[in-house]
């Protein structure tokens, strides 16, 4: 199969320059791109430091696997800001003249691969985190004995490799990534849908993203319900409530941020794939949906920066003082692991625990 696009590298940019209907202000866009990239890099760097410190603290506990996956997600967001933001700033600074600086279409391909990878990989990792927490809450004994850091690292590597495969799939199929109508970013072909393959890449991307969001929503719902049931049924194990509350708030925040930021872009890509050249989606709509998606990489780290136990405790105290409510005893914020409380509750209700208690009592009688 011959690659016509590689023989005529100028045509992708040339066609868009001639027919562009979506323009952006260069100076303003460069300024905002630099601000977005800087804030994203600093936020993710701070979140990485916090998560790594927490991982060292909980290395031997059930929360370590959650922190390891969360660190992978934030690191992915960090490199997404670094690579995509750096290329975007360069494109704006070069007056979006792709013919001059990317005649071979190499930079556009790198940009497109990075966009797909940095978009799907955090969604996949968010789903993996939701599944891991769901198992850890609903079956804590299995989680603590069978799911080790080695397994989590293998899952993390597998998720990243699959995201890389999806990102390079068009290149393997001899399809170049295309410069979009705004001439500021590269992605799958969205302007002139030619055949089923163009539709497939867009639908596949949207399907995987929406599937990841659906899995996260389902698992987080099960996790939240289970934690609430444990909280109300096991009042004697009050020391675990701090991590219960911290986990519920973080999981809900991650899910809400991902859904709000990514749903418009995923639905927009699916709409373009289904309707093809007759799609009512405009360049401005696509660009707005893309900017919404990029906010996910900025907001993700703040979930782990702000929604920590120490911060929530201070916010609770501040809110109580502002509202004039007496601060109740904050025993719910005592240091403990969710593993301990859930494991005690699970063991106390299991048949094996009853047998062990009977054996212990018989031995004591002897």
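Sequential numbering from 1, following the chain as shown.
Using N, Cα and C of the backbone, Cβ positions are placed for all residues, glycine too.
Remember, predicted model here, so these are calculated numbers, not experimental data.
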Fill in: Same membrane side per Swiss-Prot: residue 30 vs residue 321
no
Item to complete: Using DSSP, break the topological domain 'Extracellular' (176-198) down into helix, strand and coil residues and give each count.
Response: 3 helix, 4 strand, 16 coil
Worksheet item: Where's the emptiest Cβ shell within 10 Å among the disulfide-bonded residues 108, 186?
Response: 108
Worksheet, complete the sentence: Quick tally over 70-90, 251-267, 286-307 of CB pairs under 8 Å to the transmembrane segment (32-55) gives the top stretch as 70-90
Worksheet item: Does the chain bring the transmembrane segment (199-224) near the transmembrane segment (110-131), so that three or more CB pairs sit under 8 Å (pairs 6 or more apart in sequence)?
Response: yes
